[in-house]
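Participant: TrEMBL lists these features:
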- B:15-37: transmembrane segment (TRANSMEM)
- B:44-65: transmembrane segment (TRANSMEM)
- B:102-120: transmembrane segment (TRANSMEM)
- B:127-147: transmembrane segment (TRANSMEM)
- B:179-206: transmembrane segment (TRANSMEM)
- B:227-253: transmembrane segment (TRANSMEM)
- B:273-291: transmembrane segment (TRANSMEM)
- B:303-321: transmembrane segment (TRANSMEM)
- B:364-391: transmembrane segment (TRANSMEM)
Amino acid sequence: MLGDNITIGQVLIVTVFSMGIVFLALLVISYIIDGFRFVFYKENKGVDKRQKKSIEPEKIEPKEIFNEEEDDEELVAVITAAIATNISRPASEIKIRNIKRVPTNTPVWARAGRFKQFELIDR
Amino acid sequence: MFLDILRQFWTSTGFSALTIKEVVMIGIASGLLYLAIKKGYEPYLLIPIAFGMLLTNLPLGGLMAEPVKEIVKDPVTGQMVYKTKEVGGLLYYLYQGTKLGIYPPIIFLCVGAMTDFGPLIANPRSLLLGAAAQFGIFFTFIGAKFLGFTGPEAASIGIIGGADGPTALYLTTRLAPHLLGAIAVAAYSYMALVPIIQPPIMRLLTTEQERKVKMQQLRPVSKKEKIIFPIVVATFSILLLPSSAPLLGMLMFGNLIRESGVVERLSNTAQNALSNIITIFLGLTVGATAKADSFIDITTIKIIVLGLIAFSIGTAAGVLFGKIMYKVSGGKVNPLIGAAGVSAVPMAARVVQKVGQEENPSNFLLMHAMGPNVAGVIGSAIAAGVLLMFFGS
């Protein structure tokens, strides 16, 4: 459309027009994505289900500690504290019955990132 | 007799043909190798680029030599036909993938297969931050014009501000292939320097209170949304701007094979093997275009300086737009995430996380910054499409 030699005026027109197109395109895409939320995402249902899921198990859990290794007691303490902080309830309300190691699906980089976070907080 | 042989041998070696400029280039290539290996600056790209640069500047190797063709009379048909007299160099043939604009879109395919657009879908307004950060491209475009570059050259230099390697290489091969070496070195060096360039600008433009803002947790994004996203974005963007088709088309295709979940092998190949193979070819051949005669020139220094300006202005524009969003949203948006709009995935987002955490150790901005970050990739591909529309032949 334009050649090698362009005037300053043309440069400014290209700049304004291009920025306009970039903004317009991304704005329209952002509105399309807004549409996704209404069509595919049922906010309330999703939230209710998740809340139920996360609260129910703690109430049922009876008192029994799975002893296998020496460190288990410490592990239980750590897990209890983590759950207590997460759901904002005193640790005395939570009883750990069973601990099972779940095979991790987290990618290596995500784990590396988390470790880095821990290091930062420790400092 | 013996002396003649010795003399002939000497003239056949590269040592006899080595010029001062080539020695300087070998020094630059070694310097880049040092930065890549010892300092870890984008080693996956800088090592192939620097080694390509080294190889092409060793005289008489002919790795980038063009094939010699002659016109001869076909003995059977009697017609005049082209015949290859001498085949070209190894890197010359590999370079065709760069020159013809094949490798960068394939890299985009791989990037698409590696990218999770979830954070962007969860917070669609972050697309605007990705758009704002593209201002660095056009600011530099104007600056390059003032420094005496032609329109297509200025556009290619400006795109360094998009902080997206494949986009910069793609646009440059289309508009100003003679600047490819300098632009590649500038783009990838600055991308490696994002953690050094961005934080001072981010701190300068924001108040402590703004940097401390904690953002609301992002909503979960359903699989359906993630699958439909690439299809819709590709369709809309390419209809709007057909010249962006190679980059955006491949990016969204790569993302679709990732999110569809039914072609695991294709997705894996794109994320690993294909990406690595093309990176090797692209890096080596882009480096090989940096020949002493064209690279050691005031133009290269201008490009390096303009590239830094492009990065800085892009970051600043993103942060300033973030401040606008901070005001409009009533303090819910942390303006730092605007800096991630320059793309440079995922480095820029990690820088945002780090700077945010310095102010408030319990603040986790990473996922919020990933939105503008991947939006920046789409934004710079669209910007490249617009520039291609203006200056492409």
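Along the chain as shown, residues are numbered 1 onward.
Every residue gets a Cβ built from N, Cα and C, even glycine.
Keep in mind the model is a prediction, meaning the values are calculated, not measured.
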Participant: Honestly, do the transmembrane segment (B:179-206) and the transmembrane segment (B:102-120) touch, with at least three Cβ pairs under 8 Å and pairs 6 or more apart in sequence?
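Facilitator: The transmembrane segment (B:102-120) and the transmembrane segment (B:179-206): touching, no.
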Participant: How about the transmembrane segment (B:364-391) and the transmembrane segment (B:44-65): at least 3 CB pairs under 8 Å, pairs 6 or more apart in sequence, or not?
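Facilitator: Contact absent: fewer than 3 Cβ pairs fall under 8 Å.
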Participant: Taking contact to mean 3 or more CB pairs closer than 8 A (sequence separation of 6 or more), are the transmembrane segment (B:273-291) and the transmembrane segment (B:127-147) in contact?
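Facilitator: Between the transmembrane segment (B:127-147) and the transmembrane segment (B:273-291), which are separate recorded stretches, there is no contact, as judged by 3 or more close Cβ pairs.
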Participant: Six or more residues out from either end of the transmembrane segment (B:127-147), which same-chain residues have a Cβ under 8 Å from its Cβ atoms?
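Facilitator: Contacts of the transmembrane segment (B:127-147) (Cβ under 8 Å, skipping residues fewer than 6 from its ends): 120, 153-155, 157-162, 302, 306-307, 309-318, 320-322, 325, 337-343, 371-380, 383, 387.
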Participant: Using a Cβ cut-off of under 8 Å, list the residues of the same chain at least 6 residues beyond the transmembrane segment (B:227-253) that approach it.
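Facilitator: Those are 101, 104-106, 108-109, 111-112, 115, 117, 121, 166-167, 170, 259-260, 377-378, 381-382, 384-386, 388-389, 392, in sequence order.
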Participant: Which bits of the chain, at least 6 residues beyond where the transmembrane segment (B:102-120) starts or stops, bring a Cβ under 8 A of a Cβ in it?
Facilitator: 96, 126-127, 165-167, 169-170, 173, 218, 221, 226, 229-230, 246-258, 267, 270-271, 274-275, 278-279, 281-282, 285, 345, 367-368, 370-371, 374-375, 377, 381
